[in-house]
Amino acid sequence: MASKLNEEAQSEFKEGFALYDGNKDGKLEAAELANTLRWLGQNPSQSEINEILREFGSNNQMGVDGLFNYLGRKVVDDFDEKEIIEAFQVFDKDGKGMIGASDLRHILTNLGERLPEEQVEEMLRQAVGSGDGAINYEPFVRNMLKK
């Protein structure tokens with residue numbers, strides 16, 4: 001899951017982890033995790049902290065990999081399906097729910113967080129087989145959000 005985070009994000013998250021790992025044991029306890037997440041701009045409740053530790057940590061502690069896994073999922077979950085589909089609609093010239101593979105390639109490699117060419121090729125292969133046809137973007141978005 002850490003692969004969903006770019007190197008810059010991973011570096012920032014490691015910095016927060018190191019800053020709030022008070023006893024420098026490589027693990028964040030509940031209070032340390034809460035402070036780390038607040039430093040990263042989140043405001044979790046105590047029950048949310050407990051839930052995060054249950055799901056991504058062990059023995060009420062979380063290592064840096066657990067933090068990456070949680071934040072990687074959070075980054076994906078923060079993108080609402082409807083918002084992503086609305087973004088695709090900007091590139092849907094005919095209003096038919098389709099986008100050209102070349103347009104999708106351009107979006108994925110040139111806008112926002114640029115994806116590596118290999119990852120784009122795999123996504124296009126899954127979406128249209130040969131990678132050169134039109135893509136029905138609603139099912140494409142749903143499929144990408146499941147991963």
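Using N, Cα and C of the backbone, Cβ positions are placed for all residues, glycine too.
Record features, source Swiss-Prot:
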DOMAIN    8-43  domain 'EF-hand 1'
BINDING   D21, N23, D25, K27, E32  Ca(2+) binding site
DOMAIN    79-114  domain 'EF-hand 2'
DOMAIN    115-147  domain 'EF-hand 3'
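Structure with Swiss-Prot features highlighted.
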| residue | record | Cβ contacts under 8 Å, 6 or more apart |
| --- | --- | --- |
| D21 | Ca(2+) binding site | K27, L28, E32 |
| N23 | Ca(2+) binding site | none |
| D25 | Ca(2+) binding site | none |
Please classify the secondary structure at E32 (Ca(2+) binding site) using three-state DSSP.
helix
Which residues of the same chain, at least 6 past either end of the domain 'EF-hand 1' (8-43), have a Cβ under 8 Å from a Cβ in it?
2, 49-50, 52-53, 57, 60-64, 67-68, 71, 74-75
Quick check: which same-chain residues outside D21, N23, D25, K27, E32 lie with their CB within 8 A of the centre of the Ca(2+) site CB atoms?
G22, K24, G26, L28, E29, Q61
DSSP helix, strand and coil counts for the domain 'EF-hand 2' (79-114)?
21 helix, 3 strand, 12 coil
Please list the DSSP helix, strand and coil residue counts for the domain 'EF-hand 1' (8-43).
23 helix, 1 strand, 12 coil
So how many of the residues in the domain 'EF-hand 3' (115-147) end up helix, strand or coil by DSSP?
22 helix, 3 strand, 8 coil
